[in-house]
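Asks: For reference, the structure I am asking about is given below.
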Amino acid sequence: MNFEKFTTKLQEALNEAQSLAVAKDNAYIEPVHLLYALVKQQDGAIAPLFTTLNVSTQTLINELELILNQLPQVTGTTTQASQQLIRLLNQTAKLAQQFNDSFISSELFLLAALDDHGSLGKLFKAFGLTKENVTQAISQMRGGESVNNQNAEQTRQALQKYTIDLTERAKTGKLDPVIGRDEEIRRTVQVLQRRTKNNPVLIGEPGVGKTAIVEGLAQRIVNGEVPEGLKNKRVLSLDMGALIAGAKYRGEFEERLKAVLNELAKEEGQVILFIDEIHTMVGAGKTDGAMDAGNLLKPSLARGELHCVGATTLDEYRQYIEKDAALERRFQKVLVDEPSVEDTIAILRGLKERYEIHHHVQITDPAIVAAATLSHRYISDRQLPDKAIDLIDEAASSLRMEIDSKPEPLDKLERRIIQLKLERQALQKEKDEASRQRLAKLDEEMTAKAQEYSALEEVWKAEKSALLGTQHLKTELENARIAMDQAKRADNFEKMSELQYGTIPALEKQLQDAIKREEENNDHHLLRTKVTEEEIAEVLSKATGIPITKMMEGEKEKLLRMEQVLHSRVIGQNEAVEAVANAILRSRAGLADPNKPIGSFLFLGPTGVGKTELSKTLANFLFDDENAIVRIDMSEFMEKHSVSRLVGAPPGYVGYEQGGYLTEAVRRRPYSVVLLDEVEKAHPDVFNILLQVLDDGRLTDGQGRTVDFRNTVVIMTSNLGAHLIQENAEITYLAMKEMVMSVVSQHFRPEFINRIDETVVFHPLDQQHIRAIANIQLQRLIRRLAERGYQVTISDTALDHISQAGFDSLFGARPLKRAIQQELENPLAQQILSGKLLPNNPVIIDYQDNHIIAKQ
């Protein structure tokens, strides 16, 4: 017998049957071995055939295993095919000729095995299999095709293997409801109704709901809410992963796709094929000289044999499909825009129930409104409704996590009880009177805590069971509604009326009663079961770092103390501190323009007066981290070409993928202080890109992405006009500001200066300011020494000397650091290393005989 004439699947099954016979020490490979291998085979033809014949494959496998275990076992012999198996295979070859097959397939072996006179024949009789019903099932499975290649079995029932039936999922209620999008669905239906080129392609940004539109179409078809031409059609989604997975050899992928297209052609327009991410079809399966999937689709699309709905993003459509003009002309574009905030709220209200059932929590309407509005305002790089749905989902998930875990009061009590038990064990070993008294007190506390714990646990369990009861009713009600829809479609009026007038009203009443009871006993002091706008804001704050949550009393107090905190570190610059503090207060009170940065400032003044220090102090105040500052030294951007480093190199240049210094930093940390240091040293062209940041709070980077600057504080520092400030230190602040601004307006363009919220001129520092700064810096030194065990106090005379030594009206506070190093740190370091100063002893630093001394 020529084994080359067997299909691939039958050859694999024969090899498997031989392995099985060897494993079970059987001398011969019997027909039962082969049938067992065929039934267990993945993607084989036999298992689906038995399903068609209403025979349980699991029952059949169990029966076959019983027969296999009864076969005689022999050791030390070579396994060979039995006469009975050879006879059946010959019979199968004859049947293949009768069916006009070029290759011998697995299902014909089943037909031949019906003539078996042994245990297999008896088994088939027990299952009620006859030649007539098996032949009929084979014809149904083959769909009128003969076996003309070795892989014929793999390409059968291609639609079942490589597609997902969306209409079936809509019937069983597995698809989420689709709210709105009527215009897009109507346009899609309009294109599908055409005679030729009836293939719409949905194009839109990621997350706007392209796939949801097709799901909405499937739901409308199921409910009969479509024109006559689309009624009773099926919407199948092509599973590209299943189509490509396991296609090892050249041509196998094309074979599978061709099988799908052939089956679709046989359906004669009764199937609408949905290809999500349709751009993946262009180039899919393309190897040297092979056709890609896109070219295989073209003839079917042009002839109208294939009703296809595609979905892809704008960028990918341009990149892949527009390049192939022949493929593009076969599709009709349907643009899917981002829904408005109002439409998003409607969509979320429709989805609310599904998410409530999944997470077992209640989602309030203010939470839905907050999710739509806050995500629209604060998440700029993604689209509605996807980003709003994500917020609802995550907020509900975090609440569900809290419900499932032990509440904090219970957890604290449990830990305290464990702590008391450990203490009790230790005290039991002691015999003295004090320990006994302590033990008695401990027992009293333990009893009280245990009672408190059990009472709280009862409350928690009662709350949890009430919550689970409500959720169970919601799930039952949802299932009853799905069952009613199915009964309506099947014209089962008896079941429909039973559900509509009996089951559903009863469940609704039970649910209302349960919710009413919950509200009456509304003392949920352990479990939070409602998603409110606060939970939404909390999730968004964690994701973006922008403080959106309602301000707690502590934060309000902190903000009102803001000027005081800034003054404690930035000395002698009242106007600057006030301007910055007011900008932050306006923003957190919700009064600032939402389309501009929180504040944009130009700090002018001589070197070393606190311009950069104020920026650092602000970052430290807002984020408790001095490094939460995007600092860019503008002296690095002196050449014209270096401007691109801020926003990223243009396409075609090295470093295009890396993004810009400024844009990438703000994308990663949208709520931050942006410090552009020494701004006058940058090339004038740099200020052109800052115009849109200061005006609209946005900047487009080299890759075309819009970066949101609306939650940043933009601070620019400059030394322009510093000489005027030094020379005219005695005149009024306003007069000095006017003089400095005349110099600034000569250097910067009017449109740049006009966009800055406030230009702040810093005063030169006098002796008193330097003394206060010296005190701050010396306190830092004292803290560093305290960490090493030295308790240091500095006398007023020493402080006066250091502040005088570090005072220079031209250079501000910077010489002070050098003075502290030379006058104090250097001699201190020598004395510590030489052992003259010992830790854990008080150290007094004083000024005597024209130099600073440290004594213990």
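One is the number of the first residue shown, and numbering goes on along the chain from there.
Heads up, the Cβ atoms here are built off N, Cα and C, so glycines get one too.
Quick paste from Swiss-Prot:
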- 3-144: domain 'Clp R' (DOMAIN)
- 6-71: region 'Repeat 1' (REGION)
- 82-144: region 'Repeat 2' (REGION)
- 157-338: region 'NBD1' (REGION)
- G204, E205, P206, G207, V208, G209, K210, T211: ATP 1 binding site (BINDING)
- 339-545: region 'Linker' (REGION)
- 389-523: coiled coil (COILED)
- 555-764: region 'NBD2' (REGION)
- G605, P606, T607, G608, V609, G610, K611, T612: ATP 2 binding site (BINDING)
- 765-856: region 'C-terminal' (REGION)
Asks: Per DSSP, what is the residue count of the region 'Repeat 1' (6-71) in each of helix, strand and coil?
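Replies: DSSP composition of the region 'Repeat 1' (6-71): 47 helix, 4 strand, 15 coil.
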Asks: What other residues of the same chain, not counting G605, P606, T607, G608, V609, G610, K611, T612, have a CB atom within 8 A of the CB centroid of the ATP 2 site?
Replies: F603, E613, T717, F762, G812, A813
Asks: Name them in sequence order: residues not among G204, E205, P206, G207, V208, G209, K210, T211 whose Cβ is within 8 Å of the mean position of the Cβ atoms defining the ATP 1 site.
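Replies: In sequence order, the nearby non-listed residues are A311, T313, V336, Q383, D386.
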Asks: Out of G204, P206, G605, P606, which of the binding-site residues is least crowded by other Cβ atoms within 10 Å?
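Replies: Lowest Cβ count within 10 Å among the binding-site residues (G204, P206, G605, P606) is P206.
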Asks: Out of K210, K611, which of the binding-site residues is least crowded by other Cβ atoms within 10 Å?
Replies: K210
Asks: Have a look at the binding-site residues P606, T607, G608, G610, K611 and say which one has the shortest Cα distance to E205 (ATP 1 binding site).
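Replies: Result for E205 (ATP 1 binding site): the nearest of the binding-site residues is K611.
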Asks: Could you check which of the binding-site residues G605, P606, V609, G610, K611 is the closest Cα neighbour of G207 (ATP 1 binding site)?
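Replies: Checked the binding-site residues G605, P606, V609, G610, K611; minimum Cα distance to G207 (ATP 1 binding site) goes to K611.
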Asks: Mind giving me a neighbour count for V609 (ATP 2 binding site)? Other Cβ atoms within 10 Å of its Cβ, every protein chain shown.
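Replies: Other Cβ atoms within 10 Å of V609 (ATP 2 binding site): 28.
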Asks: List the Cα distance (Å, whole number) between G605 (ATP 2 binding site) and P206 (ATP 1 binding site).
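Replies: Cα to Cα, G605 (ATP 2 binding site) and P206 (ATP 1 binding site) are separated by 48 Å.
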Asks: Can you tell me how many other Cβ atoms are located within 10 Å of the Cβ belonging to T612 (ATP 2 binding site)?
Replies: 18
Asks: Across all the protein chains here, work out how many other Cβ atoms are within 10 Å of the Cβ of G610 (ATP 2 binding site).
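Replies: Summing over all protein chains shown, G610 (ATP 2 binding site) has 25 other Cβ atoms within 10 Å.
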Asks: By CA-CA distance, flag whichever of P206, V208, G209, K210, T211 among the binding-site residues is nearest to G608 (ATP 2 binding site).
Replies: P206
Asks: Just going by other Cβ atoms within 10 Å, which of the binding-site residues G207, G209, G608 has the emptiest spot?
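Replies: Comparing Cβ neighbours within 10 Å for the binding-site residues G207, G209, G608, G207 has the fewest.
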Asks: Between T612 (ATP 2 binding site) and P206 (ATP 1 binding site), how many Å separate their Cα atoms?
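Replies: Per the Cα atoms, T612 (ATP 2 binding site) and P206 (ATP 1 binding site) stand 41 Å apart.
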Asks: Would you count the other C-beta atoms found within 10 angstroms of the C-beta of T607 (ATP 2 binding site) for me?
Replies: 15
